[in-house]
Amino acid sequence: MNFGLRLIFLVLVLKGVLCDVKLVESGGGLVKLGGSLKLSCAASGFTFSSYYMSWVRQTPEKRLELVAAINSNGGSTYYPDTVKGRFTISRDNAKNTLYLQMSSLKSEDTALYYCAR
């Protein structure tokens, strides 16, 4: 019984080490209305090229919004109407990096932006 508990604990600890997913965003800043900004997200701890990725934002009112998504090979993308034609999501699987090019920025684009797996 005691051995069984130790084994389960060991498996859980090892699983936690193997699942050390890290996503680090960069490129944010203050921009004038109508301006542009490019965000980057460096990924590690998982096989980046195997996953759909997305960008989400948290508004000043704490609401979460999906702003863009891309499939694993970059061949298919999705945008809600609020950003369509202004935002472009892309990825570089060789560099394990996700990008979000934002242009014609509006006041309602003010938010914290996060990449997500």
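Every residue, even glycine, has its Cβ placed from backbone N, Cα and C.
The Cβ of C115 (disulfide bond) lies under 8 Å from the Cβ of L23, E25, L39, C41, A43, M53, S54, W55, V56, L98, L100, each of which sits 6+ residues away along the same chain. Annotation note: C115 (disulfide bond) sits in a strand segment as assigned by DSSP. Under the heading disulfide bond, Swiss-Prot lists C41-C115, citing sequence analysis as support.
Confidence over the region 'Framework-1' (20-49), given as mean pLDDT on the 0 to 100 scale, stands at 97. Summarising the annotation, Swiss-Prot assigns region 'Framework-1' to 20-49.
Through the fold, the region 'Complementarity-determining-1' (50-54) approaches residues 41, 43, 66-72, 89, 91, 98, 115-117 of its own chain, all at least 6 residues removed from its boundaries and within a Cβ separation under 8 Å. Marked as region 'Complementarity-determining-1' by Swiss-Prot: 50-54.
Under the heading region 'Framework-2', Swiss-Prot lists 55-68.
Nonlocal intrachain contacts for the region 'Complementarity-determining-2' (69-85), taken as residues 6+ away from its ends with a CB within less than 8 angstroms of a stretch CB, comprise 49-55, 91, 93, 98, 102, 108-109. The region 'Complementarity-determining-2' feature in Swiss-Prot is assigned to 69-85.
The region 'Framework-3' annotation in Swiss-Prot covers 86-117.
The annotation signal peptide is assigned in Swiss-Prot to 1-19.
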Distal contacts, the region 'Framework-3' (86-117) - CB-CB under 8 A, six or more residues away: 21, 23, 25, 28, 31-44, 46, 48-49, 51-60, 65, 67-70, 72-74, 77, 79
